[in-house]
């Protein structure tokens, strides 16, 4: 029933290649099916102004998409003069999600910027960005730990994300573009390695949904995130 | 335990005053505790370009906040030269939520713009905007129905929204600012008059949450939206 | 002869309701006929950079209009990415006018920002903003005086403003929108409580005017501002 | 008493050199003392959108200042990314003033853009822009008349402007920068060749002013504009 | 003498991998040493407005750099709100260079947009963009030719570019970042496959240069471009 | 053969009038044929942030064009909200060129801003800006030298620029607009008073060019810059 022939609870193939950007403190290229996101983590030895003097650090994220990552070319945001509403929403989500897995006090007064740039898009780019962004962040943190710049590891747990939705009346996991553009309801679940929830964002895109459907989607997400966390562990 | 002395499942006082803006096709002032939002609906006899020739209409929303709606003055977005990320997220949410309650084909090729301007803020401004914005939209639709400009009523159902969160370890409904700024987890539930879900947005702001807590929040939201829908009916 | 049936020298009904915004140091809602402006004054314990170290303070103003304050919806300035020329002109006028009634040295190195947001427009919004903005400013100053933060009252005199114009060949006071859009000449007079002039701005909008007409308009303005000052006193 | 040694009612030297820009339909360099403004008028055979199909034309103006026209260098507005509030106010004033001297219906559906660029500033740049801008406009109109593109001359009368103010307690005309920066009250008077008023803009910059002072300033302006109109006639 | 140990006339290793972006009509990843640029060509069946009705098409280019392509993170241009001067210069150069190798009349009224995004930077990114961009363009043109959408092949010749400079007093080819940041003079040569010049851009960055040095650089460029053209041929 | 009747190697008439802007530390009006550029140099006793504490100064340039400097009116960049790509390229070129003639260490931690504003355009405005900008810079430097604010003269040599191109198949110098818009290849050569090269920028605008043609253009440029340097000397 799914355009790709997958089962309702079947994820796409996941690969995470680390160390792909020579200059970054941490980096990876994550592929989830045909979706490809290049993630880097950059350590800056200066916390943002609102944290000066608090002893706490910060993790933030920026998201971008190459103009031809998509089926038809999108205008380059640098050329339009601003980041669109969708971009702003996504990068705020990535930042919040990653911070939920970090002890900002243990990080100390510095900032890590995670850049997620979509090279190729086929649905689920924000979830791939969170999952891959976490790997880049973990690698950058390793440098801080190894260099003795932090007294304890600031990473609390894995963070990964998967999309779920109601497609053709059925709850499915890890929607590709063909499904995403047709789904009556879809959204994203961000979870920790131990299965706790960080973000739940479900939207009716054409059909409202019931409490029971919400439960089915939570079940799918829980299993899907488990696979993503396993892929993160394998990559490190 | 709550700063306001409310029970865990107790909503703040809700009042909806209609017809407060002389020029608008529909308008109301919604008060949820000390939060006050002025909502107007403006009918434009032209659909946005992407709908030209489709026979379908559109409902969109814009959100703003007076600089001194808050405890300390915020910079005016018109003066900073752009709408912030939070504003963009909120108005996209309001627009999506209201569209879920409208048959856009029955509306015909026209657009209704719902403006939600926060006069005073004490938590829950986006939920109050959705709940009050729906009333303004309903009033504007009444004009179209009465004038025979639509052949059937484009409104499918009530739409209302409430915030829920985990405050001091307990699930609570309709957070005020004091709670919102301290909650470990909070979010918003947008639902129809018949109890179906339109949007679920939960974020861990300092503590992740469990599947059981998610369930408790859904229960609170369900009851809270029921009260809001009753207030909408009373106002009309 | 006037669309509203008023006499040439007859003002519209004036009401000023104070304390309408919980968070602001001073606030009021001024109604001049159907024109409604929400005014707030916010004290900031930091003077603008060009006054650092001078011992002097500053009073500035910002002006906005809700998109549907007018008969047809205006684009939200925050969404267009800048304040239009008309807005900039008006807020500069409000700021200059209010500063003419304040001893900036007695204020000390702090700034008061007066926000004037038009909730409903029917002509004369800049004059109502000045008249109401002065009340908000007076209330905020009272706080400084009462708290002993200033050694003498920085307020020198009342400041109020009224529009005048040549409508259908006759000089009239306090033009509403119907008159304003048809007047051959119109403008604004800002005056003190003792009848001295602060600003005179007269523009030919279709017909030039004579020295004698200028004199008649000054007479009307003088009487009109007297009524506005009386309303300010009544409100405080 | 005046820094320049002039009498209270004495204007600075005025010269208007026409035809200084090879490409423009009309142009002049106006010098009022040390203030120098390059004015050009450009005919565009297309009226602005709001006039399409009305048979009426438009005259508009833009104002700029070279970065080093002033004593200390100002930032270039093209580099800051927007025209400042002062620039916007001035160019709106120039446009309104020039339109008061033109029969827009006789002009037909075309637009004339008057550019006023300050080469050197020593007070009174907006008045010099109006006076010089009118000459550029007149020259461009001559081309339309000579080419038979208009059936009657669209120019109704001369338009010229002069600044006046209260300097050291005395009413003076045509303030230079030294006076302008010290004046308690100053402003601008735009008048026709026959002595009728187009714009009056007086602002208290430190001291309010009386009705009698307003009268004295109007007298000075009337005489000053007479001299400017004579200079316009001499230049043509 | 060169930091990399290369001879004065020795290019870095060049690899061009085609077909790397699924959605683009033409694409490649070009690597010149550690510099990596992802190039795509997108066909749009609409010429830019200035060519409507002329029967001619257009080729344009956009250039970007991932924030962490460099040694320290650069701010994302989409977030700063505009493309910097360097970016604008580079993308104008790429566009002009590629157009020199295309018969725009044979292309017909359509546009091809070549996007060059630097994944990793180590000097020479604009030259790699031109060389790789040409391959992407060639691949997209092949589609037009194969589909019979053009009656003759619009490609006139190969276009490739190499940097040259005076490093430590010696003329060198294909500068890497270590050389580029120290060179007294450097610049770029864009040439055709038959050795004709398209662009020459040499700048003294600290030391002026002589006519003889200019000649030596032209020699180096000629040989270097020859190698690049061979790599283009090998890739296709 | 040239539209102006000039010989292939014949420059247009050059005049440089100094001291034309009262407020600037150095200024001139340069005329090259019908091209006229007003140049000023402003000394700022503060180096840009990236040079703080280095003991070195900076020279930068800004370029502008009056809207009606050209045959048809161009939009004012201040009104469009940004400097176009062409403007940015030109002002970067002027700044780099002038810095090549200055010992920034001898200048000390201050900045000189050279503004080049085109009053009338007939081709070659960037070259005239460099040639005239150098004169303004020299005059401003004289002030520093005379005031003993620098211990040695920071000026190393003259800097001047000329355009060259292939017009109707022949190499020509100092192209006017009629030639510039038709030339198959054109570009700019910036050189010192002793004939060394600072910048070479040649672009094929329709026809590629050979190594021999490049040589012929270098010869023309060498002679042309000689004449410009003579005019600079005559003006000082």
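Keep in mind that glycine also has a Cβ here, set from the backbone N, Cα and C atoms.
Predicted automatically and left uncurated, TrEMBL annotations should be read as such.
Just so it is clear, the model here is predicted, and its values are computed rather than measured.
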Fill in the blank from the handout: Among D:75, D:76, D:86, D:99, TrEMBL assigns to the phosphate site of D:124, D:125, D:126 just D:86
Handout entry: Per-state residue totals over the domain 'Exoribonuclease phosphorolytic' (D:10-140) - DSSP helix, strand, coil
Key = 42 helix, 41 strand, 48 coil
Practice task
Let me know the largest Cα to Cα distance in Å among the phosphate-binding residues D:86, D:124, D:125, D:126, as an integer.
Solution key: 13
Exercise for the section: Would you mind giving the whole-number mean pLDDT across the domain 'Exoribonuclease phosphorolytic' (D:10-140)? Expected result: 96
Problem - D:86, D:124, D:125, D:126 excluded, remaining Cβ within 8 Å of their centroid (phosphate) - result: D:63, D:90, D:118, D:121, D:123, D:127, D:128, D:129
Fill in the blank from the handout: If you count the other CB atoms within 10 A of the CB of residue D:126 (phosphate binding site), including all protein chains displayed, you should get 24
Practice task
Quick one: give me the count of other CB atoms within 10 A of the CB of residue D:124 (phosphate binding site).
Solution key: 26
Practice task
Across all the protein chains here, work out how many other Cβ atoms are within 10 Å of the Cβ of residue D:125 (phosphate binding site).
Solution key: 26
